[in-house]
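Heads up, the thing below is written out as structure tokens.
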Amino acid sequence: MAGSSVEKRLVRKLGAACVGQIPHALIIQKIAPRFWLPFTLLVWSGLTMVCAACRTYEQLCVVRFFQGFFESSLYSGTIYILGSWYKPLEIAKRTATFTAVGQIGSMFAGVMMTAMNEGLHGQTALEGWQWVFVINGAMGVPFGIFGLCLFPNLPEAPNAPYLSKEELQLAIDRLPPKKNWGHDISIKSLCKRLFASPNFYILTLYSVVGCALEAIVLQGLFLLWMKANIGKFPSYATTTYPLGIQAVSIVSNIGAGYVIDMTNRRIPMVILAGVLQLLVAILLLIPNLSTAGTFFAFYLAGTSYIVNPVLYGWASVICQRGGDDASRSVILYVMSMVQSILYTFWGIALYPATDAPYWQKGYITMIVVVFAFFACTAAVQWLDKKSQQAASEERKDVTNIEERPPSWNKQD
């Protein structure tokens with residue numbers, strides 16, 4: 001791909017991330033998530049199949065932009081729904097499980113698409129790469145229809161025929177109370193609630209730094225390193241060996257989520273993720289590190305996914321206490337948006353393919369990122385305590401009002 005094409009691809013990705021995330025955050029405050037999220041999946045599926053009909057790179061750019069727009073609704077939207085149903089000690093493992101399922105899908109999708117491209121190429125009027133788009137898009141349709149029928153929506157406005165009235169009431173009663181104006185998305189009100197609160201600034205920064213901690217895995221450095229040393233490995237190595245990193249990521253992700261919920265402690269997972277990535281960076285900084293040592297370091301980098309249940313689980317808990325659904329939605333979507341923006345330039349600047357097989361700048365930066373991650377965690381910990389205190393004081397105020405004699409609440 002030529003340099004200009006790469007630039008177009010980056011602009012498309014950045015544009016889709018910026019244009020898509022915040023509108024989705026606002027739309028699900030007015031259109032039930034049970035409709036909007038499955039609808040965006042169905043549109044994404046249709047656009048994926050349309051890619052098979054594209055004849056020029058420009059056409060593909062346009063379709064992929066709109067794909068990115070509709071795709072951007074799903075991850076943060078699902079995290080938002082989880083935070084609407086689950087208590088603080090139930091969110092991390094579910095956030096981790098949802099993320100891990102996506103990783104598992106990516107693992108199998110890569111293998112499946114390669115097989116489809118090779119097996120169906122030349123068998124019909126469509127080429128192999130066109131069949132990849134058609135089948136991939138068609139696979140999303142039944143899930144979209146399933147979502148329209150059974151996606152639970154929010155506890156206060158459910159679409160869950162499989163739950164009784166008593167169970168739905170329990171779902172509402174066991175969570176922090178929501179504000180009556182929590183779905184208000186008028187510009188003046190929402191901007192005041194967002195920008196006057198430290199939640200927006202601290203959690204957004206934490207998302208950027210946490211995502212940067214995953215750079216070695218996200219940038220596919222192991223695969224680039226293998227291709228730079230292709231003579232050392234069998235022909236199938238580039239498609240199978242990187243799956244080990246995904247496996248480590250999945251186990252680390254889910255394990256961290258369960259530990260957080262069982263212990264109600266996030267700091268140990270933060271320390272573990274940071275220390276392991278520090279070790280990875282130090283090992284990979286060693287020039288001419290042995291093949292075994294390099295494999296160990298890259299596989300260990302998969303533990304960076306520990307940060308996922310920390311980031312989104314913690315953010316959900318903190319924002320949930322305020323009872324402001326619109327603010328919580330926007331913050332979760334912005335957290336995802338800034339991660340997309342980060343990788344439109346982070347990889348090019350620090351982990352370019354031309355530096356393979358040794359990314360000195362990137363590894364040194366990773367060491368700095370680890371300490372920045374620790375510093376940001378301290379800020380989020382302060383924010384957590386602040387939100388707990390505010391929620392406790394609000395409950396006391398409500399209790400005091402309810403316990404007053406009726407005459408106290410009458411106007412003189």
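Glycine is no exception: its Cβ is also placed from the backbone N, Cα and C atoms.
What TrEMBL says about this protein:
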- 35-58: transmembrane segment (TRANSMEM)
- 64-83: transmembrane segment (TRANSMEM)
- 95-116: transmembrane segment (TRANSMEM)
- 128-151: transmembrane segment (TRANSMEM)
- 200-223: transmembrane segment (TRANSMEM)
- 243-260: transmembrane segment (TRANSMEM)
- 267-290: transmembrane segment (TRANSMEM)
- 296-318: transmembrane segment (TRANSMEM)
- 330-351: transmembrane segment (TRANSMEM)
- 363-383: transmembrane segment (TRANSMEM)
- 389-412: region 'Disordered' (REGION)
Top partner of the transmembrane segment (363-383) among 35-58, 64-83, 128-151, 296-318, 330-351 - counted as Cβ pairs under 8 Å: 296-318
The transmembrane segment (330-351) versus listed stretches 64-83, 128-151, 243-260, 296-318: most Cβ pairs under 8 Å: 64-83
Positions on the same chain near the transmembrane segment (64-83), where near means CB under 8 A and six or more residues out: 12-13, 15-17, 19-21, 24-25, 27-28, 33, 36-37, 40-41, 43-44, 47-48, 51, 91, 94-95, 98, 102, 151-154, 312, 316-317, 319-320, 328-329, 332-333, 335-337, 340
